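The next block holds one structure in the form of structure tokens; read it before the comments.
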Amino acid sequence: MANRLSLVLLLCLFEPLVRCVSDRELSLLPKIHEMENPDECSKNNGVFCKITVMLSPFNGTNHSEAWRVIEETKEDYRYFPRDKLFHGRCFKKNQVDRLEENLKFSYDSKYRNDSLQANVKSFACFEKGRYILDDLDYWDMLFISIGVIYGVFIFLATVYTYLASKEKANFVIQVVTIFSLSTIWKELRKPIKNEDFQNLKSIQGIRTITIMLIISMHAYYGNMLTFLKNPEFMENIYINLVTRTVITIFTFLVQSFFLISAWLLSTQLNNILKRNGDLTFKDVFLMAFNRYFRLIPVVAVLEAALRSNLAYNMVSYINADMMKREVDICRYSWWKNFLFIQNIYEPDKICSSVTWYLAADYQLYLLTLGLYYLSHKMKINRNYLISVVVVITIAIQVTIVSQTDFQGFLRLIPRTANLEDMLMSIEFTISYIPPWCNSITYMMGIIFATIYCNHKNERLFHHTVKKILWLVCFLGLPVLAIFITSFQYDIRFLEMMVSIFARPVFAFGIGIGILGMAGKTGGLIRMILESEPLIFLANFCYCVYLFHYAIVFLRILQQEEMAELSVFYIATYTFKDYTFSFVLGALVYITVEHPLVQLQKLVFPQVSTKRPSLEESTKPNSEIIHSNST
């Protein structure tokens, strides 16, 4: 009896491993994507229209073979929604006025032979040349003017520092020197001797590798937003257990950054308490204040670029609707990014959706400052406060998952293969980007930082058995979390457990890895993560994170033909995305982030300590408390 129950439970848990729909059955269905040539359409002075078509049983009967297959695919998250079709068609200009009527007539009988009824859900038409440079508005001209003046200033500052004699600099000269490219480059190449930075060098490698995986994630998911010749390629990835497990890592990546952010902040706070013997309200305020103004300049540059009409000229005219959505959000909801509330207030309308991480990280940053201050001033055990936060977090997530009917943990799956559907989904807005979905990982970072500070000069994993346990935890726990999450569970309790605990399990493994490498454990893994190229590229991670999405997004929206996916195709454009993202990120870092951070340190008051901490060092590479993610 027990064996039977075990078998039933096993089949229930891993039912998704069984493929329900055969290739023969899928061949019975209409193609998801159909597209005429947009370039030929514009040459013939036509209007290109993107049409969304919904299928339903003809005359309300559910007995057709095609509809039965569609119903099966709708119940399986691994498939694209086969009742929703996306077509791109060219029409003559004189047909546009009566297009709705023409479309209804055209699609009314298109799939009758399959006993399916086609209804046009929506359509949008585009004419080449509609968006031109003459559309620049006052704000565009203002931002361009500021950019030109700023660029000239950087050039003059660079020339001045190259020609000027090495005399004692006054305040003005110090400011000019900060913006010199030669000065910035020298600081980038200057060795870092900070003790905590040296111990935690592996963090830099993890940040660089993680940001590369995040670029891969958005490049991969972007495939689902385009017209595809072979959507089955994407479906097969999710049908295969191994490839589905590999792809599932994408939704865990930001946990590394939350863990690192909390770890480094807590290390800085512990150092302040150790050196000063106190943590004042002034200290907490200055840290929050400087953190805010450290993040905002790059965000401002990004928003100025995305709200511009120039953006329309960087995409294909057939994708102007998707570009318009982004531009409109950046024009009317820009202020949320400056208040860091975009992940909790109208989270379906975020200017550059990747900025949700900045909001969540800053909110948890403030929470951590509050926990440390409250613990120190009121003599409350910090572990008790952390436990309270964890319990509240679990209670919120249990309530959400149990009281709503949705997927649970966010998975990048074909079922939500539409940018607007994904960004507006409950999985994204209430189960991925709010602070309570990531606070357990952040609290875990505080705990690891405390262990690190208390055992900074000890080798915690020195013995062979401990090294083996370290390796198993570092590699095994993240893989375990990813593997379990690669399934979807019909049993609500199991989905609830995955939603709550999968992320902390993943982060715990990464935390064990960093803690071991801080104590010189790790061998080849540590050598790779602490290599000079990865450490150097880590300088640019914040800017790369913010701007890579624009690179990937624009590349996708430039396409005017149906894509035929293959491993080579994906590898090629992913490499290009890496290259352009890091080049642009480095450019923004050198011209915006680094000089303005140094100016901030020169102008704004800083927390007073007896020796430099991780954030306080003037060396840019040691400014590793970044809000960098996925």
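Here the Cβ of each residue, glycine as well, is placed from N, Cα and C on the backbone.
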From 343-367, 568-592, the residue range that TrEMBL assigns the feature transmembrane segment: 568-592
Selection from 141-162, 205-221, 241-264, 568-592, the stretch that has most Cβ pairs under 8 A to the transmembrane segment (501-522): 241-264
The transmembrane segment (432-453) vs the transmembrane segment (534-556): 3 or more CB pairs under 8 Å: no
Overall pLDDT of the domain 'Acyltransferase 3' (201-553), taken as the mean: 90
Segment proximity, the transmembrane segment (384-402) to the transmembrane segment (568-592), 3 or more C-beta pairs under 8 Å: no
